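Visitor: The following feature annotations were taken from Swiss-Prot:
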type: BINDING; residues: C99, H141, H145; note: Fe cation binding site
type: ACT_SITE; residues: E142; note: active site
Amino acid sequence: MIRELEYYGSHILRRKADIIPEITDTIRQLVQDMYETMVAHKGVGLAAPQVGESLSLFVVCVEGETEDGDLIFCDFPKVYINPVLSNASEDLVIGREGCLSIPGLRADVYRPQSITVTALNLDGQEFTEHLEGFPARIIMHENDHLHGVLYIDKMEEPKDIKKFKASLEKIRRRYHAHVKPEDRAS
């Protein structure tokens, strides 16, 4: 089932997600729904808070990059339950990011070139991956959602931040009548 997305201004996007204590049929159905929602919106990753569930879970549908930098997409998403990131490289690289919860906007964000992620899969088995480049960026972006952080919080260019304020306000107004002050971008 394709779920409705949560958009900028939604309080759930600013909350720390809850740890998933047990992988149930409800969680399995959520993963399927998230995959269908991600595909319908042409995304490469989706975190549970983006579909209204404050749970520590995200799905990604990029397996890697070719030597030419083209993305290799998967047939079914990779599932990351209760992920923990570690070993972020000291090398920061700039990359353009967008977000299904902030439609129509993209910005340059600095992130580590590589990262290690440890998480549970849908069978409850722990796995660890070391990722580099764009796949690492996707993991960091989706993991940020589980901590109430949006990519716009990481923008460093004052001109970009200023340019985004009016656009963010339009998104907030379009999708939400009332937003708590702590959920607004600074």
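Cβ coordinates are placed from backbone N, Cα and C, and glycine is handled just like the others.
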Visitor: Round to a whole number and give the Cα-to-Cα distance in Å for the pair E142 (active site) and C99 (Fe cation binding site).
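Guide: E142 (active site) to C99 (Fe cation binding site), Cα-Cα distance: 9 Å.
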Visitor: Tell me which residues of the chain lie with their Cβ under 8 angstroms from that of C99 (Fe cation binding site), as long as they are six or more apart in sequence?
Guide: L105, H141, L150, Y151
Visitor: Reduced to three states, what secondary structure does DSSP give H145 (Fe cation binding site)?
Guide: helix
Visitor: I'd like the number of other C-beta atoms within 10 A of the C-beta of H141 (Fe cation binding site), please.
Guide: 24
Visitor: Name, in the order they occur in the sequence, the residues of the same chain whose CB lies under 8 A from the CB of H145 (Fe cation binding site) and which sit 6 or more residues away.
Guide: L13, A17, A47, P49, Q50, F58, S101
